[in-house]
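TrEMBL annotations:
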ACT_SITE  Cys301  active site, nucleophile
BINDING   Cys178, Ala179, Ala180, Pro181, Gly182, Asn183, Lys184, Asp202, Asp229, Asp249  S-adenosyl-L-methionine binding site
COILED    36-63  coiled coil
DOMAIN    70-367  domain 'SAM-dependent MTase RsmB/NOP-type'
REGION    370-407  region 'Disordered'
Amino acid sequence: GAALLQAEKKLPPQLAKVLVYDLLFGKGLKCGGRWKALARRHRARLEAELARLKVQQKVSRNEDLLAPQAASPAAPQVPRYVRVNTLKTCVDNVIDFFKRQGYSYLGKAASVEELRALSGKKFLLDLHLPELLVFPPQTDFHDNLLYTSGHIILQDKASCLPAFLLGPAAGSHIIDACAAPGNKTSHLAAILKNKGQIFAFDVDTKRLATMNTMLMRAGVTSFQLAQQDFLTVDPSDPKYSKVTGILLDPSCSGSGMVNRLPREEAAPSAQRLQALAGFQRKVLSHALSFPALQRLVYSTCSLHREENEDVVHAVLQEQGSDFRLVHAFPSWPCRGLAAFPGAEGCLRASPADTLTHGFFVAVLERHGEGAAAPSSPPVAAENPQPGEGAEPGAAHKKRKRKKQWVK
């Protein structure tokens with residue numbers, strides 16, 4: 001596919017590969033102009049080649065074609081994380097279901113080492129997130145009844161952090177700025193208990209259609225999808241006058257994603273990093289301009305300081321004293337790089353240290369005039385217990401409600 005684009009326009013090999021990857025495997029094409037037009041012109045042929053390759057390799061999912069992590073023996077294995085969808089069920093019921101399927105439940109993990117030691121048909125409750133179950137690497141649930149019915153969501157632990165740390169109270173109005181494929185959106189809806197409103201934006205029609213199907217399957221009702229570039233959304237529109245929380249997970253290099261790219265392609269050029277960082281600063285500044293906003297979570301699946309701490313620092317300097325960085329989730333072991341004073345308030349994640357994909361999260365809160373009363377969501381408590389709602393605030397009260405169940 002990359003060769004096809006390269007031949008037509010004499011594209012640099014790396015750029016051609018990035019275009020094909022973003023089109024077929026990534027979050028869609030975020031570039032503009034002639035490169036986007038070129039890739040889209042060949043989309044049908046590229047997708048046909050992809051389908052033929054999947055038949056040849058006897059796989060059903062696109063990600064099964066990508067370089068497996070196992071090819072690098074030194075690389076840590078990331079467990080299979082399963083988020084319980086509390087819109088449809090509860091943790092206790094899901095645990096019981098897996099027990100009936102022959103899995104052995106070992107209780108709540110006390111350390112990352114316990115997650116690392118999982119094998120066979122054993123599973124644990126995660127030590128940090130109260131609705132996350134952990135199974136050995138490569139456990140496949142794509143055909144499992146709980147997955148196909150929307151009772152569980154297959155989502156990496158690090159990817160669960162943004163919605164968890166935003167922690168909106170039921171009834172809140174929230175924006176998910178770069179929403180597809182929708183796992184974080186469904187997580188927000190579960191925290192909101194389907195009360196309130198989620199405005200979800202993405203520029204790719206196809207991905208939005210897939211996302212809509214996924215959200216319906218998960219039982220999400222309180223959402224509005226829009227095929228729109230978030231940068232074109234007007235913060236002064238009365239429709240968004242009650243938006244108090246924003247989840248912002250913009251396009252990034254994807255350098256933290258396990259199993260995504262062969263290692264020799266994982267490092268983007270300095271030029272591409274600067275272009276991505278410029279976009280990220282712009283979209284973060286835009287998000288902070290919504291008048292009723294009280295709390296924002298910025299996240300990327302990137303390992304690069306340029307897209308993470310540097311973006312947050314630059315935008316905070318721009319904003320003056322309006323917003324401040326929250327020291328989120330103190331019990332989380334990996335903190336931000338020392339790029340500026342207070343950067344340790346940010347969170348990082350990695351396969352080696354947290355047994356997750358590489359990830360970055362920063363929580364910003366309005367400060368000074370216009371800030372919410374003390375009832376705004378507090379900083380994460382140490383070692384939250386499942387069902388006790390330790391982080392953040394009203395979001396996770398008690399989970400022992402009985403919900404509908406799979407017969």
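The backbone N, Cα and C atoms fix where each Cβ goes, and this holds for glycine too.
Curation plays no part in TrEMBL annotations; they are all automatic predictions.
Feature map: annotations from TrEMBL on the structure.
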residue	record	CB count, 10 Å
Cys178	S-adenosyl-L-methionine binding site	22
Ala180	S-adenosyl-L-methionine binding site	25
Gly182	S-adenosyl-L-methionine binding site	26
Lys184	S-adenosyl-L-methionine binding site	26
Asp229	S-adenosyl-L-methionine binding site	15
Cys301	active site, nucleophile	23
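Residue annotation for S-adenosyl-L-methionine gives Cys178, Ala179, Ala180, Pro181, Gly182, Asn183, Lys184, Asp202, Asp229, Asp249. The furthest Cα pair among them is separated by 19 Å. Annotated pair Ala180 (S-adenosyl-L-methionine binding site) and Cys301 (active site, nucleophile), C-alpha to C-alpha distance, rounded: 14 Å.
The two recorded residues, Cys178 (S-adenosyl-L-methionine binding site) and the residue listed as 'active site, nucleophile', show a Cα separation of 13 Å. Here the Cα atom of Asp229 (S-adenosyl-L-methionine binding site) is found 20 Å from that of the residue listed as 'active site, nucleophile'. Rounded to a whole value, the Cα-Cα separation of Gly182 (S-adenosyl-L-methionine binding site) and the residue listed as 'active site, nucleophile' is 15 Å. Note on the coiled coil (36-63): mean pLDDT across this stretch is 66.
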